[in-house]
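A.B. asks: First the structure, which I've put down as structure tokens, then a few questions once you've had a look.
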There are 2 protein chains.
Amino acid sequence: MEHRKISRAVISRLPRYHRYLGDLLEAGVERISSNDLSKKMNVTASQIRQDLNNFGGFGQQGYGYNVKYLYTEIGKILGLNKTHNFIIIGAGNLGQALANYASFEKSGFILKSLFDVNPRLEGMSIRGIQVRMMDELVDFLQNNEIEIAALTIPKSKVVEVADLLVANGIKAIWNFAHMDLDLPKDVIVESVHLSDSLMQLSYNISRRKEAKKK
Amino acid sequence: MEHRKISRAVISRLPRYHRYLGDLLEAGVERISSNDLSKKMNVTASQIRQDLNNFGGFGQQGYGYNVKYLYTEIGKILGLNKTHNFIIIGAGNLGQALANYASFEKSGFILKSLFDVNPRLEGMSIRGIQVRMMDELVDFLQNNEIEIAALTIPKSKVVEVADLLVANGIKAIWNFAHMDLDLPKDVIVESVHLSDSLMQLSYNISRRKEAKKK
């Protein structure tokens, strides 16, 4: 299959399709029409048809989509048919929360270790995965095939740690620090800015209050 | 000032402007040109000019933007000039991580309590904020002005808890469960789907690998 022409906007919607199709699959649903999927997902049926047409003939007029096939194909596009080893830098609450998400593993993201500077966390393990000290990081990276590093450390440490990771071959960073990272172009950075999300919420609260005043 | 015509796309970029302007303010920068801001933020200067023109005359050709003024005005649009009381439902790792983000408070988000069903967490407090048991929730909501509830609980509990919150007057939910919520239209929901973000990362890894093969 040829995926080269899929737009950014469609790609950004794929994880949500994947999630809904996964739920349907778990519920034993084999086929679903774009209309039914549209009602579930609260987007228009025409948007769904347009998006999924990017992947060729998954649906036939009147027959609906084959849930398992579509789920698998979207998973392939998202790279979920392969495993991705990852580590977490920062074994505080957020790092531990991520380490406890067993669902990442189901999607092929295999947590190999956590790292921290806090000596009190040394020797601790989460779901059998060991917390190591930061001075073991370089050695660990040299001896393990790690693809992704999640950064759940304070903003003040992020630049230094990101540089160290990149210098040791890490090419994909999942960043939770409240800042953007300026790294070489071949390093992929995906940031989760929790404050930005909270501000969107407060923007919408303000808007609603204004609307009520009118 | 009149903000009614600002597009969704611009709004979604405002938290990032607010963050960068806040950093500049902390660094003591008083004025910045769209060109310099553009280099910092890695977007085009024309995009910045277009976005910020929505708020009227913050910048004058050749003089740049008044950092403090722009920071304050964007903050107002985002509703950050008011305080928002919030609670966290789920005092596990993720809930505790959110409770420890003191920076939310600086933006006016005041954490009033955490709630959990785990009796081992009863009486615990985080930065002086008490963890209460879920059976105290309704009473607490009736006696405190809470605007936002953050949900950091398992997917299986989310629907039930969200319904309870809405029945008790909560109109804004910050959802971390890996599912979308189907709530009355006047309830604002902002979801953080961590898996979706991880999948975007893995999509980009796959794309890079494909590009290298060519």
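Including glycine, each Cβ sits where the backbone N, Cα and C put it.
Pulled these features from TrEMBL for this protein:
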type	residues	note
DNA_BIND	B:16-55	DNA-binding region
DOMAIN	B:79-180	domain 'CoA-binding'
BINDING	B:GLY90, B:ALA91, B:GLY92, B:ASN93, B:LEU94, B:GLY95	NAD(+) binding site
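How buried are these features, and what lies next to them?
C.D. replies: For the DNA-binding region (B:16-55), residue counts in helix, strand and coil come to 28 helix, 2 strand, 10 coil, using DSSP.
Here the domain 'CoA-binding' (B:79-180) has, by DSSP, the following mix of helix, strand and coil residues: 39 helix, 29 strand, 34 coil.
Non-local contacts of B:LEU94 (NAD(+) binding site) by the CB criterion (under 8 A, 6+ apart in sequence, same chain) comprise B:THR152, B:PHE176.
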A.B. asks: Among the binding-site residues B:GLY90, B:GLY92, B:GLY95, which residue has the fewest other Cβ atoms within 10 Å of its own Cβ?
C.D. replies: B:GLY92
A.B. asks: Counting other Cβ atoms within 10 Å, pick out the least crowded of the binding-site residues B:ALA91, B:ASN93.
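C.D. replies: If we count Cβ atoms within 10 Å for the binding-site residues B:ALA91, B:ASN93, the smallest count is at B:ASN93.
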